[in-house]
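The structure under discussion appears below in the form of C-alpha cells.
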Protein chains: 2
Amino acid sequence: MKRSGYVASVGEQQLGQTVTLQGWVARRRDFGKLIFLEVRDRTGVLQVEVEPDSAAFAEAEKVRAEFVVEIEGELRLRPESQRKEGLGQFEVVAKRLQILNEAKTPPFELEQGERVSEEIRMKYRYLDLRRPEMFEKLRLRSKVIAALTSFLDAEGFLQVETPMLTKSTPEGARDFLVPSRLSKGEFYALPQSPQLFKQLLMIAGVDRYYQFARCFRDEDLRADRQPDFTQLDMEMSFVDQEDILALNERLLRHVFQTVLGEALPSPLPRMTYADAMNDYGSDKPDVRFDMKFADVTDVFGGAEFKAFADAVANGGVVKVVAAPELTRKQIDELERVAKQNGARGLAWAKREGNSLTGGISKFVGAQASELIARTGLAEGGTLLFSAGAWRTAVEALGAVRLALRDLFDLAANGPKFAMLWVTDFPQLDRDPETGTWTYMHHPFTAPHDEDLPLFGTDRQGEIRAKAYDLVLNGFEIGGGSVRIHSPEVQATMFTAIGFSEEQARAKFGFFMDALGYGTPPHGGIAWGFDRLVMVMSGATSIREVIAFPKNNRGVDLMVEAPGSVDEGQLAEVGLALRE
Amino acid sequence: MKRSGYVASVGEQQLGQTVTLQGWVARRRDFGKLIFLEVRDRTGVLQVEVEPDSAAFAEAEKVRAEFVVEIEGELRLRPESQRKEGLGQFEVVAKRLQILNEAKTPPFELEQGERVSEEIRMKYRYLDLRRPEMFEKLRLRSKVIAALTSFLDAEGFLQVETPMLTKSTPEGARDFLVPSRLSKGEFYALPQSPQLFKQLLMIAGVDRYYQFARCFRDEDLRADRQPDFTQLDMEMSFVDQEDILALNERLLRHVFQTVLGEALPSPLPRMTYADAMNDYGSDKPDVRFDMKFADVTDVFGGAEFKAFADAVANGGVVKVVAAPELTRKQIDELERVAKQNGARGLAWAKREGNSLTGGISKFVGAQASELIARTGLAEGGTLLFSAGAWRTAVEALGAVRLALRDLFDLAANGPKFAMLWVTDFPQLDRDPETGTWTYMHHPFTAPHDEDLPLFGTDRQGEIRAKAYDLVLNGFEIGGGSVRIHSPEVQATMFTAIGFSEEQARAKFGFFMDALGYGTPPHGGIAWGFDRLVMVMSGATSIREVIAFPKNNRGVDLMVEAPGSVDEGQLAEVGLALRE
C-alpha cells in the first residue's frame, strides 16, 4: 500500500474519507476495549483509535512504542471535549493496521528528550533524531542550504568542488593527515578550508564561486567545535570590499526572510575592530544588549590608585562598565572570569547616591561624579574596572560583560538576531612574548592601500586589513577579506611575517606561481555554516545541528570511530604504530 | 571602476555607448599604429581596438597575453568585412586602458588546448581552466547541481551532511585512513559512501534524504577513477522499487531538459541483468547501437567443432555477433580484446553469399544458413563467436562489441544519450575459484520477496536482488536498491555470505542494532556524479569535469600532494614510517 500522504497532509477536506498513514507509534494507550495509538512521521503526530470490533484490533494489541505501522481508516474530528489545535482536531478510526516492522524497547524515552544524557543520545542518534525538535533542526539546515543555493545560482555563482585530499592550507591549525598507499611515506592533508583553491578559481577566471565546503582542523575540542565542519565558502573577482559585503547582506536577508520570515536590517550595522574591542572587549560583540565600556584612562593618569596609574604609565588603558547591583559572591565570580581572561583582578565600586562605596571606592571616590556621568551608572549599580595593556584589559572586561549577560539574561530583551560586520582588522598581529609578527587572518589578506607605506616601519601594527567578520548574537558566523592580487604586495606581506623567500616557496610555491599569471582583484568570505544554523535554530551547540556529530574527544559514539585497524592496513601505507 | 557587465553582456542596445570591461588579454596584435586586443572573461571574447592617439595606447603597448586589464571604450560594429557571429559583430574602441595585473608568459598557449600534455595542463590547472571549453564543463556541472537541488528540494528531500571522519563502510574497497591524535593508535576511515548513514537517516524518520557526497576509495587508479569522487546520494522511506525508479526518471528528465534541452524518453527503457548480459555481454550495455548477440548454444550441442561442443557439454554457451566486414588485422586485434577479457580465443567466419568462409567456416559451414538467419549477418560481414562458461563468454564478446563500436564509430549514428535501467541483479555472487558466496552490491540490498525461499538452497545463485543500475551510453552512472529492513532477512543475508554473528557485529554491529529499533521500508540510489557530468558534457575523462583532479598515481600535480610530513607530525599521531 501507499500512504495517502504524510500525517500532516490530513485536513478538513478529508473528513469522512479513508486515509492511509505510515509511520512510527509514538505512544500506545490501551483501555482494554479501545486502543489509542499516536502515529508519528516527520510532519507530525496523529491519533488513531482502534475499536475492539475492528479488523485492526488484534494487530494493535501487539504494537509497542516505535513500531513501524501502516494504518488505513476514516478521518474524523475528535470529540469536541478532546479537540486540540492543528492535527489535534482529528483522529483516524482504524479499519486496518499492518505492522511494517517491530521495534525493541528504545534505550530512552523519546519524550524525555533533552533530559537524557547527550552520550546516550549520540550513541542512538537515529532515535534522538526522531524527536520532532531534532528533525526540525535538520529541516531548517536543509532549507538554509536551499535558500543559499537558489540565491547564489541566480547571481551567477558557480558551485565548484575543491579537493579533499590535498596539501596543508594556510590556516595554521593542525592538519588531519591521510597516508598515501601509492606514494608510501607520503601524506595528503584534509583541507582546513578551500582558501587557496578558491583563489585559484579566481585566477582561472571562474569569477564567482561558492561551495558548501567540508573542512577539517585537528584542534583540541574543548570549545563547541567539531573536527570536521561545514563552511559556506565563496569568492568573487573584480570586486572590492563593498561589493562583497553588499552581496552577502542581500544573501543574508534572503535567507532569514525565506527560512524564518525574519527581516534583517538593511544595511547591516558595521563596527571597526578597534571600536568593537574598545566598546565591547570582543571582535565578535554581542550587541543584543548595550552595556558598552567607558574609557577612563584619562581620568586615572596620575591617580592615587597605583594599579591604574601603573597601567596608564605603561601605555595601558583603564576601562569601566556599568553593571547592575551585584552581590559580593557575584563580583567574586566575575573576578574569576576576568582572571581567566588575563586580568590580574576586577576592581569594583558601587553607587550610593552620588558617591561610590565598597571595592576601590576609597581610591576612586574623588572621580565618582565623572565616572557616574561617563558610564550612566544607575543607583545601586556596580562599576567594574579593567586596567592594563590594552588588549588584555578590554578582552577581560569583554568576558565579564558576557558573564553579566548570562547572569541577568540581558540578551532576552534585545532583538532575536543582532547581526553586524566587524571591519578593519589589523593586518598583522604581534606575539607579545617574542615580539615577532604574524598574520591576523591568513597571509593572503590584502591591506588597506593607504596603509601600505607602513610595512617595515615601527607602525606596521597599525596596518588595517581589508578583512571583515560577520557577527551574529556574539558568534563569529563568517569571516573574509579582499585578497592580495599583486605578487609584490604578497612578497611584502611574507617579509613582514618573517617568511624567507624559501619558506614562502616551500609552503605556497605553487600559489605564488599562480599569482604571477594574471590574477584579478578578488575577495570573498567563508560562513561558519554549522554555527549560523545553530543560532538560527535557537540551538545552544553545533552538535544539535549536525546529523551525526562527534563528542569533545572527536569520537563518534554511534559508529565507534576512530577505531583500531589491522597491521596489514598499516603496512600497506608504510606505517607502524610508535612504541 | 566597475565593469559595466560581463563581456557577453554587450549588445546592439549599447552601440555608440561607453562600456567598461574587465578581463584577460587573450591575444594582442600590434600593427604599430593600431593595437588589437582580444579581451576574455568567462562569458566570451571581445575585440578591442586601441588607436595611436588614444590615451590607452601607451598602456596597450605594455600589455601581453593573460594580463588582466580594464578597458573603457565605445562599443561599435566591426567593419562589415570583418564582422562575425555573436560577439564577433562588435568591437570596443578603447578610451582608457588600465593594467590591473601583469602576467608572466604562460607555460603553454591556451589556444593549443588539448594538444598540450595533460601533465602540464594539470600542473597549471588554473590556466587550463581559462580555456572556454574547460570553463563550460565547470559551468555545466554547477548547472546540473542547481537543477538537481531545486527539484529534490521541491520534492521534500532534505539535504543532510553525513560524517567524513568515520568507520569502514560496506563497499569493500580499501579505506583511506586518518590517524587520530586524541585517540593515539586509532584511525578514522574516510567514507566510501554514506550508505549506512543514509539508511540510519531513514531509521531516524527523515523520510527523504539527498546529498552531494564526497566519497573516497583507495583503489589502484588504472581506470578513469579518482581517489575522491562525488555521488549524488539519495534515500527514501515507505517506497518500493517502482517509486524510486519513477522519481529518478522524473529527476533525470528535469535535469537533461533544464540543462541541455534534451528530452529523455518516458519511461526509460529497462532491461534485466540477465538480458543485458545475454544480449550485450555487459551489465552496463551501450545501446546507442544495436549489434545484439545471438545465442547459438543449441546449434552447437553436438557440433563437430570441438571447442564449441566442449563448452556446451560443460554447461556453457555459444554466443555470436554479426560484425561488419573485417580485415585479418582487425580480427587479430579483436581477438586480443577477447583474450584480455577471459576468452581463450575469438572464432570467426565471413559471409560470402549464403556460405561462410575463412576462420572456423569449415567446422560451422553446415550451419551457415541458420547462423545467417539468426544474426542477420550482411554480405561480406563477419561472425564473431564466443564460447565457454556463460559469464566469461558473454563478457568477452561484450568487450569485442565495444571494440567494434570504437573501430567503426558505431555510436555516432545512435541517439546522443541512450539511458536505461538494468534491473534484477543477482543477490549473491559466487567466487569461481573458492566457490564461496558474497554480495553483489552490498550486504544491505533486499532480495525479491518471492526468491527468499532460495536462500540456503543450491539455487541461491538465482536469487534476484531489488537492485538497479542506471546506464548511460555504456557507463554505469547510478546504482541502488531497495534495502533490507527486516532484521531476520538481514541475518539470513549475513549467513548466506558466510558472516558469522560475531563477524557481522564486529563490522556492522551499530547498524544491526539500529535495524531493530523500528526501520521503515526504504531504498535509494547513488549517482556517479562525475561520470554523469562527463557524459553530459561530452568529455572523455572524469578529470575533465573535476576542477582540480589527480593523475593516475593519485597525485595532484599542481599543489604537489601527497607530500612528506615532518617527524613531529607523525609522532603526534603515534605513528612512524616503516623501515
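Even glycines carry a Cβ here, placed using N, Cα and C.
Just so you know, TrEMBL annotations are computer predictions that nobody has curated.
Annotation comment: TrEMBL describes A:E171, A:R217, A:H441, A:R483 as L-aspartate binding site. The feature ATP binding site is assigned by TrEMBL to A:R217, A:D218, A:E219, A:Q226, A:E476, A:G528, A:F529, A:D530, A:R531. Annotated domain 'Aminoacyl-transfer RNA synthetases class-II family profile' per TrEMBL: A:138-549, in sequence order. TrEMBL lists A:195-198 with the feature region 'Aspartate'.
Between the farthest pair of Cα atoms in the ATP binding residues (A:R217, A:D218, A:E219, A:Q226, A:E476, A:G528, A:F529, A:D530, A:R531), the distance is 20 Å. In the three-state DSSP scheme, A:H441 (L-aspartate binding site) is classed as coil.
Across the structure, A:E476 (ATP binding site) and A:H441 (L-aspartate binding site) are spaced 13 Å apart at their Cα atoms. All protein chains considered, the CB of A:R483 (L-aspartate binding site) has 23 other CB atoms within 10 Å. In this structure, A:F529 (ATP binding site) is part of a helix by DSSP. Taking a C-beta cut-off of under 8 Å and a sequence gap of six or more, A:H441 (L-aspartate binding site) has these contacts in its own chain: A:F425, A:A465, A:A467, A:G479, A:S481. Counting every protein chain shown, 26 other Cβ atoms lie within 10 Å of the Cβ of A:F529 (ATP binding site). On the backbone, the CA of A:R483 (L-aspartate binding site) and the CA of A:F529 (ATP binding site) stand 22 Å apart. Cα of A:R531 (ATP binding site) to Cα of A:R217 (L-aspartate binding site): a distance of 16 Å. Distance from the CA of A:F529 (ATP binding site) to the CA of A:R217 (L-aspartate binding site) is 15 Å.
Around the Cβ of A:R531 (ATP binding site), 22 further Cβ atoms fall within 10 Å across all displayed protein chains. Reduced to three states, the DSSP call for A:R483 (L-aspartate binding site) is strand. Comparing local CB density within 10 A for the binding-site residues A:R217, A:E219, A:E476, the maximum falls on A:R217. For the region 'Aspartate' (A:195-198), the predicted model reports an average pLDDT of 96.
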